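Asks: What TrEMBL shows for this protein is this:
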DOMAIN    45-155  domain 'PurM-like N-terminal'
BINDING   47, 62, 92  Mg(2+) 4 binding site
BINDING   47, 92, 228  Mg(2+) 3 binding site
BINDING   64, 92  Mg(2+) 2 binding site
BINDING   64, 139  Mg(2+) 1 binding site
BINDING   71, 278, 334  substrate binding site
BINDING   138, 139, 163, 230  ATP binding site
DOMAIN    172-320  domain 'PurM-like C-terminal'
BINDING   231  Mg(2+) 5 binding site
Ligand SMILES: [Mg+2]
């Protein structure tokens, strides 16, 4: 990106001017990152970026691809899309307790659309600046709209939160509220209608997710495992249970939900809470004697946290209703390849 070499021009068969345009939108922050010092010793402008880890730390690296129609709708504003493209990667870093450092952006664009790029870059850099993460490189090409971000963060060696550490009798916790993004998706699909204010509220959750970076960092040394809710609570906690060789029982009545979702029919609430993707909240486990410290971590991070269940020895996920009765047919998670 910003590396408008002759070979690049020939390969894409586009005039140099269009890549200069892209450089104008994305080159700024990358060059600023270069002078800021810190992790990015050298950003855009050479064949590779040069990153310097902090002493005694480990890098964490994650990549996410966003494809139109699959991960976002054409109705989303470019600014919100820029925010979300980075937010989903920051959410993975948050789930590991990482401090965000650098990211790489690869874009395929059907055409160079100045208004789109300006909005996208604005949303992207507003979040990047707020989270102290620097664009350190990437690539652009002509093609169907496709957004790829690779993000890197660091943690003190050995302190990354992993999916494999949940232990029997640990509490299961979740941050924020679940299910609003799915509710918004149902409105877009036409299966549901909401008032304009309700729709704006849940649409914001879907299009502008807030990665729980501060909470993830506050949970270092406290949570025994963590994962972010990208594909739905049931599926994502399933990854933890599998990696940790344990099971869990969740209490449906304790799953935190917005007032908008709480006013919906029971069955729809259940679907949104358990399988709604795109929430980007953190689900994590911690021993019962850490309850007070977990609540304090949530307060310090400005993110409410709720105890929603317990880790059991018997494998698999169980959900119980307000009376403690098992909920049959727990809906499974949204699967990109099955839907
Ligand atoms: Mg994840």
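Every residue, even glycine, has its Cβ placed from backbone N, Cα and C.
Caution: TrEMBL annotation is automatic and unverified by curators.
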Asks: Any idea which of the binding-site residues 92, 139, 231 has the thinnest Cβ neighbourhood at 10 Å?
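Replies: Lowest Cβ count within 10 Å among the binding-site residues (92, 139, 231) is 139.
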Asks: Need this for a regression test: binding-site residues 62, 64, 71, 138, 139, filtered to those with Cα within 10 Å of residue 228 (Mg(2+) 3 binding site). What's left?
Replies: none
Asks: If you compare CA-to-CA distances from residue 278 (substrate binding site) to each of the binding-site residues 62, 64, 138, which comes out shortest?
Replies: 64
Asks: Would you mind reading off the Cα separation of residue 139 (Mg(2+) 1 binding site) from residue 92 (Mg(2+) 4 binding site), to the nearest angstrom?
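Replies: The Cα atom of residue 139 (Mg(2+) 1 binding site) is 22 Å away from the Cα atom of residue 92 (Mg(2+) 4 binding site).
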Asks: Taking only the Cα atoms, work out how far residue 231 (Mg(2+) 5 binding site) lies from residue 47 (Mg(2+) 4 binding site), in Å, as a whole number.
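Replies: Each residue's Cα considered, residue 231 (Mg(2+) 5 binding site) and residue 47 (Mg(2+) 4 binding site) end up 35 Å apart.
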Asks: For a quick check of understanding: among the binding-site residues 62, 230, which residue's Cβ has the most other Cβ atoms within 10 Å?
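Replies: Answer by Cβ density within 10 Å: 230.
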Asks: Taking residue 92 (Mg(2+) 4 binding site) as the reference, which of 64, 71, 138, 163, 230 (the binding-site residues) have a CA within 10 A of its CA?
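Replies: Within 10 Å Cα-Cα: 64, 230.
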Asks: What is the three-state DSSP composition of the domain 'PurM-like C-terminal' (172-320), stated as helix, strand and coil residue counts?
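Replies: Within the domain 'PurM-like C-terminal' (172-320) the tally stands at 71 helix, 31 strand, 47 coil.
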Asks: Please report the DSSP secondary structure of residue 92 (Mg(2+) 4 binding site), reduced to three states.
Replies: helix
Asks: On the Cα atoms of 138, 139, 163, 230, which are listed as binding ATP, what is the maximum pairwise distance in Å?
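Replies: Greatest Cα-Cα span of the listed binding residues: 31 Å.
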Asks: Near ligand 1, which of the binding-site residues show up if the criterion is a Cβ under 6 Å from one of its atoms? Options: 64, 163, 231.
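Replies: Result: none.
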Asks: Work through the binding-site residues one by one (64, 228) and point out the residue whose CB has the fewest other CB atoms within 10 angstroms.
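Replies: Lowest Cβ count within 10 Å among the binding-site residues (64, 228) is 64.
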Asks: For the C-alpha pair, I'd like the distance in angstrom between residue 230 (ATP binding site) and residue 62 (Mg(2+) 4 binding site), rounded off.
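Replies: Cα-Cα distance, residue 230 (ATP binding site) to residue 62 (Mg(2+) 4 binding site): 14 Å.
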Asks: Give the residue counts of the domain 'PurM-like N-terminal' (45-155) per reduced DSSP state, in the order helix, strand, coil.
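Replies: Summed over the domain 'PurM-like N-terminal' (45-155), the classes give 36 helix, 46 strand, 29 coil.
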